[in-house]
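Below: one structure, written as structure tokens.
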Amino acid sequence: MKNVFPSRYVFLSRIARQTALASALIVSTANFANADEAFPNTSIPAVPDIDAAAYILIDYNSGKVLAESNADQRRDPASLTKMMTSYVIGQAIKSGKIGANDMVTVGDDAWATGNPIFKGSSLMFLKPGDRVSVSQLTRGINLQSGNDACVAMADYVAGDQANFVNLMNTYVTKLGLQNTHFQTVHGLDAAGQYSSARDMALIGQALIRDVPEEYEIYKEKEFTFNNIRQTNRNGLLWDKSLAVDGIKTGHTDAAGYNLVASAKDGDMRLISVVMGGKSSKGRDAESKKLLTYGFRFYETVKPLQADVEFATAPVWFGDDSEVKLGVVEDLYLTIPRGRLKDLKASYELTTTEIEAPLKKGQQVGTISFQLDGKTIEQRPLTVLKDVEEGGFFSRLIDYIKLLFHRWFS
């Protein structure tokens, strides 16, 4: 992503107007569910035909949707469920509740021979009493899609599968997923279990962002346990035309063929989701179409960094006469490739009379991003440093100045 910062800001009528605007920064963004409507002066080809019941393509950093169809349709996630299983495990390791080198004793409920539900499904081939590390079991889940490994880890993390499913659904709520509910730790068919392409993209985004060490496992191409070598089921890991480094496949007769994939091109990362595909090769091909389309026709930029000054504004009644303004988090925007030079930014204060005290992170305005004269993204403009109230005499002087300002404005 290009890191774009202005060399100066042009402030227009900061005092005379009720709002303050500044056209300065050449930056970017887009919401791309319908590219032609969002960017009328940009020639963007239509999304290629995708042979799947539902799909979505998003930019990881900006979160912008580049393509979608039936993205909120509730569908059987199959083994995509294991992405949330993996996320819960990653959070447990991150918090120190468990360790990657902990040894887990496999229980009877994780034994395929004793559980008919596992018949014909993906397995790590665990046996009761086996002592297996968390690191190995996690690979059994992420690479081999082992249903038995999911049960063993659920028991270890939460005591039993039911408690672990509760943890999964707690994270569903925390991540703001609107069309997801889990009933199992592994994703085998279960009544009342569902997710959507959009929600699966958000789970993938959370894995990459929140538990990066857990996500790193997904790029490994093979894993051997108990002298049984199995390869990662994500066929795009072998595609040399894309830098795919995850995430997860899934399949049952009810679900069809599912795939969540993520790839990078330079600093730009995309996440694609295909659900209800016709075959394993088909889901790979349709995912590749989406990723290739996104990298070919869009780019992601970082116009503003957290805690870096974007503008300043005068402050009344403070221990400082002005305050630095910017954003509290790095700001990423996704735009049509080649349009960076045409993007502009402006800001608007909620009032020209900003008064102390002010707290860091307090919103005092809005930053707007424009392309072809159309506002395509808005973000909060916030205070970057606390400003305390000034002393009695300085506040008295500001009061008199403010009266004159109001009279002559």
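Any Cβ shown, glycine's included, is placed from N, Cα and C.
Per TrEMBL, the features are:
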| type | residues | note |
| --- | --- | --- |
| SIGNAL | 1-35 | signal peptide |
| ACT_SITE | S79 | active site, acyl-ester intermediate |
| ACT_SITE | S145 | active site |
| BINDING | K248 | substrate binding site |
| DOMAIN | 298-389 | domain 'Peptidase S11 D-Ala-D-Ala carboxypeptidase A C-terminal' |
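Annotated features taken from TrEMBL, shown on the structure.
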residue	record	CB count, 10 Å
S79	active site, acyl-ester intermediate	25
S145	active site	27
K248	substrate binding site	30
Where does S145 (active site) sit in DSSP terms: helix, strand, or coil?
coil
Inter-residue C-alpha distance, S145 (active site) and the residue listed as 'substrate binding site' (nearest angstrom):
9
From the Cα of K248 (substrate binding site) across to the Cα of the residue listed as 'active site, acyl-ester intermediate', what is the distance in angstrom?
8
Can you see whether DSSP assigns the residue listed as 'active site, acyl-ester intermediate' to helix, strand or coil?
helix
